Amino acid sequence: MAARAVSSLALGLFLVVLARGTEVRALGTFMTAYAVGLIIGSAVGLGAPVRILRAPAERPGLPGALYRVHTVVVCAVFGVAVLGCSAWSVVAACGLVFAWGDTVLNYAQAHLVATGRHRAGNLLILAHRLAPLVTATGLLVTSGSVAFPALAVALAIPVVLGVVVPHSASERSAALDWRSVFEPGWFGYLGYTGAAMVGQLQIPVLGAAGGASMAAAYSVAARVSGPLTLITVSLSQVLVPELARRQHDPARFRTVYRIVVLGGAGYAVIVALVSWPVARAVTALAGPQYTDATVLVAACVVAAGLSANSQGLSVKLLALGRPQRATAAILVGNVTGLVVLFGTGLSQNLRSVAWAPIVTEAVVLALMVLAVTWRFPPRHGVHEGDESNHVEYREGSPSHRGDDRGHRVQRLRN
């Protein structure tokens, strides 16, 4: 937990330093390219960062197959994209490298946690954010600005780490064919990550409606408040595998899940209470050019608290292998938010734009509550004698390690 908190703080400080040491338009270009890069990473990531979290309930060789396929596809696509973009804009190429690092590191962290390598995962989390922060701070102190070509070198470090660190364990794992990655159900995990990445369109959409300067202000607000959600995202990476292991122990599952939900609610209250002081501090550190964004930063902080609740609810759906329900909630909320963002962006008023993140997360939270409280319909191959009971029959469960005989799996009440 300490490593994740430090990493989240380091990301926030890095973005503040970057805002302080670059021009507003350059930052807008960088963050727009970063957002587009995250969307690309989600599209070609095959849902692997989410699916790997259920490794305890999957066949033993699947983590290795996921690692190999994800690494090859992501690195090939980003390598071509960065090379092509560098001929047009070094700043934009730097943003793509930032997204490349996030894409491979997000998978690597989940892979290490799901396979029980928590210490390596914690060290990777720290290196992920500290390398760019130290480099950007050094550049700002020594030269008074942050040069993007030099920053690109630091941003490439997470890319290398994300590829190398999970490699040894994956090579020792049982061999599974790459086609195992595309077994029935994989598309649901891709849809989940894709729905979450729709939110990355916020900065390009606002840039189209209100211009690069508004996009830069929004990117500072959204990204600086982002670490508040990264804490809960990181915890989800730990909790989903734990809950997946507890599927056969409904009482323990419910106990852990209730703690998660109550903790998320308390976290949201605390975040809301400190939103205004945090906003004042962020805009003061970022520079006078961001003073008008104080209300927007506060709104993004409040939205981060709401998002923490949604993430807490979604761990149940992911642990039970039901990503589709969470996907619907996230997708509807993000699309609604984009509509609000575009409409308010046309007003050229940052105070109006501040409604967009709150509306987005409020819709996601409301739909996520419905998703976890509606009764789960039986899956294909499930005994349907009593849909309200908590016993499910499933053929050839991966957790039975290849035995095709049907076996009984405890099913959790809603």
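Positions of Cβ are set from backbone N, Cα and C atoms, glycine also.
Sequence annotations record features per position, and here TrEMBL assigns transmembrane segment to 31-53, 65-84, 146-165, 256-278, 290-308, 328-347, 353-374. What TrEMBL records for 381-414 is region 'Disordered'. Annotation comment: TrEMBL describes 381-407 as compositional bias 'Basic and acidic residues'.
The transmembrane segment (256-278) is in contact with the transmembrane segment (290-308), judged by 3+ CB-CB distances under 8 Å for residue pairs 6 or more apart in sequence.
Ranking 65-84, 290-308, 328-347 by CB pairs under 8 A with the transmembrane segment (353-374) puts 328-347 at the top. Beyond the ends of the transmembrane segment (328-347), by six or more residues, the same chain brings 192, 195-196, 198-199, 201-202, 205-206, 208-210, 214, 310, 314, 353, 355-357, 359-365, 367-368, 370-371 to within a C-beta distance below 8 angstroms of the stretch.
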